[in-house]
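According to TrEMBL:
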- 7-117: domain 'NADH:ubiquinone oxidoreductase chain 4 N-terminal' (DOMAIN)
- 124-317: domain 'NADH:quinone oxidoreductase/Mrp antiporter transmembrane' (DOMAIN)
- 6-22: transmembrane segment (TRANSMEM)
- 29-48: transmembrane segment (TRANSMEM)
- 75-95: transmembrane segment (TRANSMEM)
- 102-121: transmembrane segment (TRANSMEM)
- 127-147: transmembrane segment (TRANSMEM)
- 159-181: transmembrane segment (TRANSMEM)
- 201-223: transmembrane segment (TRANSMEM)
- 230-251: transmembrane segment (TRANSMEM)
- 263-282: transmembrane segment (TRANSMEM)
Amino acid sequence: MILSLLITPILGVIGVILCGENTSLQKKVALASSLLTFILSLVLWAGFDNNYNGFQFVSSFPTITTREVIGVDGISLFFVLLTTFIIPTCLLASWDSIKTGVKYFLIAFLILETLLIAVFVVLDLLLFYICFESVLIPMFLIIGIWGARERKIHAAYQFFLYTLLGSLFMLLAILVIYFEVGSTDYQVLAVAEISETRQRILWLGFFLSFAVKVPMIPFHIWLPEAHVEASLAGSIILAGILLKLAGYGFLRYSIGVLPDASVFFTPLVYSLSVISIIYSSFTTLRQIDLKKIIAYSSVGHMNIVNLGIFSNTIQGI
């Protein structure tokens, strides 16, 4: 079932390519593919057992060096549903506004959908990192090529470089975890014994990556620019899903794999989150551009999410 969610957008990419230069047919094929993916996600939700506290629809497939495992639980299920709902919304929002390179625009969105779903269903830390970073490539193109304003190239590079450089710290942390535990399988890491001192160092590596993605003050510089310069569909996907990737990362990996360090650094997260909420709220009040209002208010609302995640209570999470 999950594999079909990953494959359907790719089949949509092939369909768009086979449509030749018929722009109208390309749009219909891309929309049909994204809607089919959404329907499959609803089927996944319908078959999900709410009484089972673990990963469901688990399947594995061989890669060059190992076997990769995919599955969903109560956290990732709704991120998958959010992704499959927003992608067709983006395609409909840009139905008439995108005039040039329509084929490549549709292909970028369908590839982006596959990568986003993969981020939420892979149960391997290294594969999560690869998918997490691969999302930057189609998003870079969506902002840089089909952006709505004159500074779109600058905004695309700023978005790409900020988030890529921030994530290098997570890659280093993943390598240390692999040499420490001998595996990057999430189900192994969730029960692995890692010393508290080492947890704190690793946690900072993850935090620097996720703090840029949230974003938290002072790592927020890229967001207003990217929001303003992106097309309508780009802004929707940016606010709707991409900012949530960091929240998912905090839930799944910072708290799931490094719980002691998460408790230790909770005051740091609280402090930065409160500063971010106050700063972004005052900044929002000064804006007259609607897209900047959305961008700065998104910083505030995602930092409220951070407060909930690190509250260490069921209600907060």
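Cβ atoms here come from the backbone N, Cα and C positions, even for glycine.
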Averaging pLDDT over all residues of the domain 'NADH:ubiquinone oxidoreductase chain 4 N-terminal' (7-117) gives 88
Where else in the chain does the transmembrane segment (230-251) make close Cβ contacts, counting only residues six or more beyond its ends and a cut-off under 8 Å?
75-76, 79, 82-83, 86-87, 89-91, 93-94, 97-98, 109, 112, 116, 119-120, 132, 135, 139, 142-143, 146-148, 152, 155, 206, 209-215, 223, 291, 294-295, 298, 302, 305-306, 309-310, 317
Taking the transmembrane segment (75-95) as reference, the highest number of CB pairs under 8 angstroms among 6-22, 29-48, 102-121, 159-181 goes to 29-48
Taking the transmembrane segment (6-22) as reference, the highest number of CB pairs under 8 angstroms among 29-48, 102-121, 127-147, 159-181, 201-223 goes to 102-121
Cβ under 8 Å, sequence separation of at least 6 from the ends of the transmembrane segment (29-48): give me the contacting residues as numbers and ranges.
1-2, 4-5, 8-9, 11-12, 15-16, 19, 56-57, 72, 77, 80-81, 83-85, 87-88, 91-92, 106, 109-110, 113, 117
Work out, from DSSP, the number of helix, strand and coil residues along the domain 'NADH:ubiquinone oxidoreductase chain 4 N-terminal' (7-117).
70 helix, 13 strand, 28 coil
Let me spell it out: take the transmembrane segment (263-282), skip the flanking residues so only those 6+ beyond its ends count, and list any with a Cβ under 8 Å from a Cβ in it.
196, 200, 203-204, 207, 211, 216-217, 220, 296-297, 299-300, 303-304, 306-307, 310, 312
